[in-house]
Amino acid sequence: MTSATIPGLDTAPTNHQGLLSWVEEVAELTQPDRVVFTDGSEEEFQRLCDQLVEAGTFIRLNPEKHKNSYLALSDPSDVARVESRTYICSAKEIDAGPTNNWMDPGEMRSIMKDLYRGCMRGRTMYVVPFCMGPLGAEDPKLGVEITDSEYVVVSMRTMTRMGKAALEKMGDDGFFVKALHSVGAPLEPGQKDVAWPCSETKYITHFPETREIWSYGSGYGGNALLGKKCYSLRIASAMAHDEGWLAEHMLILKLISPENKAYYFAAAFPSACGKTNLAMLQPTIPGWRAETLGDDIAWMRFGKDGRLYAVNPEFGFFGVAPGTNWKSNPNAMRTIAAGNTVFTNVALTDDGDVWWEGLEGDPQHLIDWKGNDWYFRETETNAAHPNSRYCTPMSQCPILAPEWDDPQGVPISGILFGGRRKTTVPLVTEARDWQHGVFIGATLGSEQTAAAEGKVGNVRRDPMAMLPFLGYNVGDYFQHWINLGKHADESKLPKVFFVNWFRRGDDGRFLWPGFGENSRVLKWIVDRIEHKAGGATTPIGTVPAVEDLDLDGLDVDAADVAAALAVDADEWRQELPLIEEWLQFVGEKLPTGVKDEFDALKERLG
C-alpha cells in the first residue's frame, strides 16, 4: 500500500508538516493495515484494554481486588532490557564511548530499515504524542512514539503525559523526539496472532545527534516504552550535555523535619537497590515525614537563584514487583491498590488477584508468569519473573508531593549515590566537595541484579547508576558533571553523599535494618547540611560515629551499627585496583579531576 491508501493517514488531528511527513514515511515503510492517532482519553484506554483482553495479551483482574487492572504475560525471551542489543549510534564512535555498543549510523539505519520493511503488516500503527515532564514547562520536552503495540500505547498513557494535550503543545512546527517502535511480528492475511508478539532479532538504537530512537523486536518495558530510558535518559543525557543540564537515573524525595522545613534529595542507585523503596519512604523517627516526586528519573538544571532544581519527567511508576510488600514499601502497595495498574510477568491467583515473591501470604496454587500451574512448596521455579513489573499512575500515590507537577521543579539540597555492597562501603559517607562527589558517583560499584542481563552477584562499576543509560561518552559525562560544579556558586551546590544499606556481617546477615529506618541516615544527612551533626574525617570522606545517628527506639546492636559504619583501610586498599581498572576502561576521555581524586584517595590510604 502507498501512504495514500493506508486508512487513517488522511484524518490526522494536526497540521504539523514535519510530523505528518514522518508518519507517512514510516507507514510506507512498515505497511500497517491502518494508522491511528492516539488522543490519550479514558475511552481510548478502555477500548485498547478490551482489545488486549480479547487478544489474550491482557488478563482482566478481579475488580474487587484491583479495579480496572490487568495482567500481561510476556514471551519468555522478552523479559528485560537487552543491553547487548542497545546501541548509541553517534556519528563518531568516540562519542558513544567505551560503555556503549556503537555502529555507524548509516549502516544501522540500513539494517533497521530492512527489518522495518513491511513489519507492521496486519497490525495497526499508532501515533503516540507525549511530553516528558510537566506540559506547562517553558521548554516542554516533546516526543512522538510510533508503535504497533497496544500494550505500549496503554503503558505510555500511564508513564507519560500522552495524547491530545502533548500534540497541541507541538503546534505546527515544534521540535519533538522521533521514537519508532515495532514488535517485529507482521501478520499474513488469516494468520492468528500470538498473545505477546516479539521477534528473536532485537535492536534498541539511539541516534543522539538527530535525537531519534529506533526500537525493533521487543514489546517489553524499557525496550518498547521509548519515553522511559531511551528518551528520558539516553537521548536526554545527550541533550543535557549540549544544553547545560543533567538527565539522571535518580529518585526525587522530599523530607520534612519536625520544624516543618522541607529538604529535597535526588538519589541514584542501580536497578533493584531500593530506589523505589527510598522514594516512598515511611520515616520511623517521630515528627519526620516524607513525600515522593519520583522513583526513577530526575532532570536537573540550575535555576535563576543559582540552586539546582529537579523535575521528574515521568507520569507513572514502572516498578519491580518482587520484594514489594506492605512492610518494605507500603506506599507503593497503596498506589497499586488504587487500581488502574498493568502488571507484567507476575503470577495470577485462583481468585483473579496477583502475587509475586516477597508478597504476604502463601497461595497454594497459582498460574506462574509463563502461564503454567504453580504449587506452593512443590514448584521449584519462581512464580513471578524477578524483573516483573507494575505500571501505575503517579497521581495515585498517597504521599505524592504537591510540587510533583510543578514545571519549576524543586531545589535539591543533597545528592545521594548508593549501591549494593556486602563489604567495604560504609552505611553513609559525605563527600569532601563537589569534585570528590563526582568521583564517588563515577566509581560507584554494585552487585549485579536481575533487572539486566548478566551474572547476578558480580560487582560492576555503574557510574552514577547510569552505565546502561548514557547517551554519550562516559568520560565526557564525568567532565560535564565537574564543569557544572565549577560554574555554580559553591555555597548553593547540593552536598553529595554515598549510602550502602546492604553491608553484611561475617555471618552474612545485614548489619542495618534498612527500609523505613533509613530515615535515620537521612536525618544525619540533613543535620550535616545544616552544620549540626558530627562525623569523623576518614580517607574516603566524612562518616558518622554510632552516637552521631539518632537510634532512639531502634532495637539494633550498637556493634552492628559500628560495623556498618566502619571504614577498613585494608578493604579500601583492595578496592583501589578495581577502581583503577575501571578508570583505565573509561580511557582517553577520563577527566583529570577524576584521576586527581583517585590519586588523592590512594595517598590518603597510604
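Numbers run from 1 along the shown chain.
Glycine is no exception: its Cβ is also placed from the backbone N, Cα and C atoms.
According to Swiss-Prot:
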- Thr2: N-acetylthreonine (MOD_RES)
- Arg81, Tyr220, Gly221, Gly222, Ser271, Asn387, Ser388, Arg389: substrate binding site (BINDING)
- Lys229, His249, Asp296: Mn(2+) binding site (BINDING)
- Ala272, Cys273, Gly274, Lys275, Thr276, Asn277, Arg389, Arg420, Phe515, Gly516, Glu517, Asn518: GTP binding site (BINDING)
- Cys273: active site (ACT_SITE)
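Sequence features annotated in Swiss-Prot and their locations in the structure.
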| residue | record | DSSP class |
| --- | --- | --- |
| Thr2 | N-acetylthreonine | coil |
| Arg81 | substrate binding site | strand |
| Tyr220 | substrate binding site | coil |
| Lys229 | Mn(2+) binding site | helix |
| His249 | Mn(2+) binding site | coil |
| Ser271 | substrate binding site | coil |
| Ser388 | substrate binding site | coil |
| Phe515 | GTP binding site | helix |
Just to verify a number: CA distance, Gly221 (substrate binding site) to Lys229 (Mn(2+) binding site), in angstrom, no decimals.
9
Compute the mean position of the Cβ atoms of Lys229, His249, Asp296, which form the recorded Mn(2+) site, and then list in sequence order the other residues of that chain whose Cβ is within 8 Å of it.
Gly222, Lys228, Ser232, Leu233, Ile297, Phe469
Quick check on the recorded positions Thr2, Asn387, Ser388: which one has the highest count of other Cβ atoms within 10 Å of its Cβ?
Ser388
Which is it, of His249, Arg389: the one of these binding-site residues whose Cβ has the most other Cβ atoms within 10 Å?
Arg389
Can you tell me the CA-to-CA distance separating Ser271 (substrate binding site) and His249 (Mn(2+) binding site), as a whole number of Å?
9
List only the single closest residue to Arg81 (substrate binding site), chosen from the recorded positions Lys229, His249, Cys273, Asp296, Glu517 by CA-CA distance.
Lys229
Which is it, of Ala272, Cys273: the one of these recorded positions whose Cβ has the most other Cβ atoms within 10 Å?
Cys273
Determine the Cβ neighbour count for Gly222 (substrate binding site): the number of other Cβ atoms within 10 Å of its Cβ.
26
When the Cα of Arg389 (substrate binding site) is compared with the Cα of each of the recorded positions Thr2, His249, Cys273, which one is closest?
Cys273
Sort the recorded positions Thr2, Ala272, Cys273, Thr276, Asp296 by C-alpha distance from Gly222 (substrate binding site) and give me just the closest.
Asp296
Listed recorded positions Thr2, Cys273, Ser388, Glu517, filtered to Cα within 10 Å of His249 (Mn(2+) binding site):
none
Relative to the Cβ position of Gly221 (substrate binding site), how many further Cβ atoms are located within 10 Å?
24
With every protein chain in view, how many other Cβ atoms are within 10 Å of the Cβ of Tyr220 (substrate binding site)?
27
Sort out for me which one of Asp296, Glu517 has the most neighbouring CB atoms within 10 A, since those are the binding-site residues we care about.
Asp296
Taking Cα-Cα distance, which of the recorded positions Thr2, Tyr220, Asp296, Asn387, Ser388 are within 10 Å of Thr276 (GTP binding site)?
Asp296
I'd like the number of other C-beta atoms within 10 A of the C-beta of Lys229 (Mn(2+) binding site), please.
25
Between the Cα atoms of Thr2 (N-acetylthreonine) and Lys229 (Mn(2+) binding site), find the distance and write it as a whole number of Å.
33
